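Participant: Please find one structure pasted underneath; my questions will follow.
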Amino acid sequence: MDIYFPIAGLPLNLFMVLGIGGVVGFLSGLFGVGGGFLLTPLMMMVGIPPAVAAATGSNQMVGTAASAAFAHWRMGNVDFKMGGVILAGGLVGGTAGVQLVGELRALGNFEFVMKIIYVIMLGGVGGAMLLESVHSLRKGRGEAAAELAEISEGLWSKLCYKLPWHVNFEKSGLSTSVLFPFFIGGLVGLLSALLGVGGGFIMVPAMIYIIRMPTLVAIGTDLFQMVLSSANVAIQQAYYNQTVDVLLALLLLAASAVGAQLGAMVSLRLKGEHLRVLLAACVLAVTVKLFLDLALTPSQPIFLTPVELGH
């Protein structure tokens, strides 16, 4: 059964859309990630325009993150002061990203730029995750954890604490400069607008290993700022670029909610190291597909001057 999606500008099979949402939700529940970095490429693979895929992904992410953030707030895992600093950066980065999307669409280069960023980012994250997971399996959990603790005292962490404008964050139990959280928030906001991702796979490790926040507080705080940052991107994408397909987002959200519950149940039967290996394999598989799309002969030329916009 096909449904026409007006913003995406094409008919899609209802069960295929629900299947995409279910698969991404299952992976989110299985691996504990937002899934935006997989949702946007999957939507592109079935013919949804890149700009619509990214903007709709941000819209869908608001509902997913809000549910998880509420649960963490009830457990006392949200540092609102730190979240506010990160959110301020996210609003700046997200606003800049929305304007950049408009410029790239006017040039006709948005899909090309998006795929290059995805290949570089996912290739790096997936490769590093695979190496770390294999290393953990070989050396044992205790020794690997000790090495991660040593990394947290490395160059980036020391640099973060040498920056000016220190503020006490009582909930996280630390005092650090607001500059790095603001910067990383801006970077993730920019990526959210360009790629439709929540950025948790960048934000949470940075909060744990560089800022040195407690793990659960880092996760809860990231989800809190993600709700408002993604909402900012979704609203601006809808207003300035008209690229948010609400019907598509609602169907994906409904299916992903069911898939996430199934994924969470399966995750209880697997070890953390095995989960990270599987996640790395999924990330690298998407990277290879996007790289092949770039390497093969493009269906459209790359323009350096504005062209007539279409969806």
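The backbone N, Cα and C atoms fix where each Cβ goes, glycine too.
Annotated transmembrane segment per TrEMBL: 12-39, 82-100, 112-131, 178-211, 246-268, 275-296, in sequence order.
Map these features onto the structure and tell me what's around them.
Facilitator: Listed by sequence, the residues of this chain that lie at least six past the ends of the transmembrane segment (82-100) yet keep a Cβ under 8 A from its Cβ atoms are 167, 169, 171-172, 178, 181-194, 203, 211, 213, 221-222, 224-225, 228-229, 232-233, 236-237, 240-241.
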Participant: For the transmembrane segment (275-296), give me same-chain residues lying six or more residues beyond its boundaries with a C-beta closer than 8 angstroms to one of its C-beta atoms, as numbers and ranges.
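Facilitator: Beyond its ends, the transmembrane segment (275-296) has Cβ neighbours at 27, 30-31, 33, 37-38, 41, 45, 112, 115-116, 118-119, 122-123, 125-127, 129-130, 132-134, 136-137, 267.
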